[in-house]
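Presented below is the structure to which this report refers.
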Amino acid sequence: MEVVGGEVDYTFVIQKSLVLLLCVVLSWKMIVYMCNLLKIEKEPIRVLVTGAAGNIGYAIAPTIARGMMLGQDQPMILHLLDIEPASKSLEAVKMELQDSAFPLLHGVFATTNIDEACKGVNIAIMIGGFARKEGMERREVMSKNAVIFKAQASALERYASDDCKVLVVANPANTNALILKEFAPSIPEENITCLTRLDHNRAQARLAEKLSVPVSSVKNVIVWGNHSSTQYPDSNHATVSTKTGDQPVNELLVADQKWLKNEFITEVQQRGAEILRARRQSSALSAASAACDHIHDWFLGTPKGNWVSMGVCSDGSYGIPPGLVYSFPVICEKGSWKIVQGLNIDEFSREKMDDSARELAEEKALAYSCLNV
Amino acid sequence: MSSESPSFLYSIAFFVAFAIPEALNILLPAFGDAVTQRRVKVERAYPPLLLPVIVTGVTVEKVTSSISPINRDRSELPKAITHEPPQKPQIPIHFPAIIDDLDPMAKEPVRVLVTGAAGQIGYALVPMIARGIMLGADQPVILHMLDIPPAAEALNGVKMELIDAAFPLLKGVVATTDAVEGCTGVNVAVMVGGFPRKEGMERKDVMTKNVSIYKSQATALEKHAAPNCKVLVVANPANTNALILKEFAPSIPEKNITCLTRLDHNRALGQISERLSVPVSDVKNVIIWGNHSSSQYPDVNHAKVQTSAGEKPVRELVKNDEYLNGEFITTVQQRGAAIIKARKLSSALSAASSACDHIRDWVLGTPEGTFVSMGVYSDGSYDVPAGLIYSFPVTCRNGEWSIVQGLPIDEMSRKKMDLTAEELKEEKDLAYSCLS
């Protein structure tokens, strides 16, 4: 640096200051790294699982405890609930969770008392319900479940945390969720959802198989409606990621339109029965995995450009009557979901969507009659 | 974090090498000519200053990366074979498996075999593998599921469910009842299938049946598995089944055949954490010695708990030697039976989870300062007879385990360790007698 007659050359000073600034900016990384070392652990989230002694509960508990549902840095406390006859099995599940030494699992609380179980929960996964037995009438199943979910609604309303997110898995999922919503008016209706992610994943996998691509490259299938045999798996907006970008499934399967409108739909609808036949037990592994995905995406957000299917309270979008819990395509951001608007619905889809809506309205009427409301 | 640490250290280097002299350059002239001489000297010192700083930066980076628990060395992950040698049958993959992923950074898929996959441990284990719990969240896998012909339908049901779950890391599923097809090209084998003990069965009967199963699986693995295949035996009697496997698959390196005692290790950690009311992640370095049976010895003499005042020995914090030498040991030993009593079924969830932990730590390495329990081929350490599969405390690095040496063994521990070694020797003799 030149000193000219005792005076400092200012342009040179500015140059040097810029270099200094650059070094400070680079050193910011150092500061950030050191802050990471001092990172404070997050507060544990309380997760309630009802029907925890059953097969789906047994499959979902380790996925939650490993951080697959809420992220690898989110500790949790599990609340496990089941009915009195299953209390020994429930205790055994708690013992097994302790035996597995999960670092993120900060506590397990197993109980048969619904009020105790709901205290302070931030996430509630309602797997417990009355399963349909041979020879049971639809009305009977409906009435038993309506009673269960009415009781759970009051417990949740009174004891769960204000921001509690609810996922109903037990069938009839949509109607059980509706009962829950009706009898827990202080829980915001956007926090009550039901599981149709299983059908969404099945549809995605089915398309991937047909196209011989990895399952993760198929996206944006939609499952509309009721989680029953009237569900409508819609491939009209699905795309496949290829080296040349996203290609619509309809284009790739242009020769298989008939398959898309027939076999594809029935295969997804009846996949549950197929698995039941093969395993002699209903699908716990995939149901637990789908429930985990549902909460994960709701909580942490859907990837950009992707949507998923969730059974949510209808707000009238796509001509679906409000006041039903109906499966829509949603994107999730910052802990809340939003229905994807503006998708084109062709005539074929319109018919199927309306069929499912009709079935849901019937189930709703049936449920209310059982409760004498 | 691991990708940030080099840049952070180089930025330290920049800062020290450039910023300080530059700052001096700006400030010094303000103090007048008297310090100009010093400034000139500082400028001339640039080049020699840079080199030691960068060297220090690189050294510090290496040191911190070995401490950081997140930065595990993945270079020793078994590499998948992407084509079969000519004499081996071409195995059709029943699920479209596209190895050439769109993501150029994606790793080669690893093939994982699970035997007894239609059973309940298998049902709990396969989603864990498919979610990346066993090998890491960036490691694609191809699952090979093997079971006996009577379970073929149920096995197919499990395969359907795995497909339905749309796991992004699962690049293929092979569900078969043929041991050859199941073992072809596998890099990791978890042997859950075996003959469970039924009511009224003699020990010799169970042993005979299991010995013949593991003898045939040994041949299949030896001939068809990938080189350096890592084997974990879960089915009981785990240690002896693993020994049979080793004896009849001589070309599989004996260090690659292990048995599961991580379940007991995790149970011991759980018991201590309950007793002390601390998070289980703060407890470490319990040891399970010996046989995965009721003669196992859960040893807390070297176990530590992370407290606000640093690491403290467990014995010091529990302050109840009677409990640690009595009830604690029997609780861990008999936990399996307690779970069966409560569930009417054996512990699948915790067994599957521990199997994942065992393989993950083996492949990705144990954190610094922590050791885990694995049933491994004894080399005579701690005066345990060689030629047995015995559970030892091990650390894992670069895909290899090594027994932690030099731990002091007190008299009580010595007795218990010898007792379980005796039982293993008896089982070994029984197994050999069943074979002849």
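First residue shown is number 1, and so on along the chain.
Cβ coordinates are placed from backbone N, Cα and C, and glycine is handled just like the others.
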Site co-member for NAD(+) according to TrEMBL, given A:Gly51, A:Ala52, A:Ala53, A:Gly54, A:Asn55, A:Ile56, A:Gly57, A:Asn145, A:Val169, A:Ala170, A:Asn171, out of A:Asp73, A:Asp82, A:Asp199: A:Asp82
TrEMBL substrate site partner of A:Arg138, A:Asn171, A:Arg202, selected from A:Arg132, A:Arg158: A:Arg132
Fewest other C-beta atoms within 10 angstroms, as judged across A:Asn55, A:Asn145, which are the binding-site residues: A:Asn55
Distance check against A:Asn145 (NAD(+) binding site) for the recorded positions A:Arg138, A:Arg202, A:His227, keeping those with Cα within 10 Å: none
Segment-level pLDDT (mean, integer) for the domain 'Lactate/malate dehydrogenase N-terminal' (A:46-192): 93
Proximity to chain B among recorded positions A:Asn55, A:Gly57, A:Asn171, A:Arg202, A:His227, where any Cβ pair is under 8 Å: A:Arg202
Separation of alpha carbons, A:Arg202 (substrate binding site) and A:His227 (active site, proton acceptor) (Å): 12
By Cα-Cα distance, the member of binding-site residues A:Gly51, A:Ala53, A:Asn55, A:Gly57 nearest A:Asn171 (substrate binding site): A:Gly51
Spatial neighbours of A:Ala170 (NAD(+) binding site) that are distant in sequence (at least 6 apart) but have CB under 8 A: A:Gly51, A:Met126, A:Ile127, A:Gly128, A:Gly129, A:Phe130, A:Asn145, A:Asn176
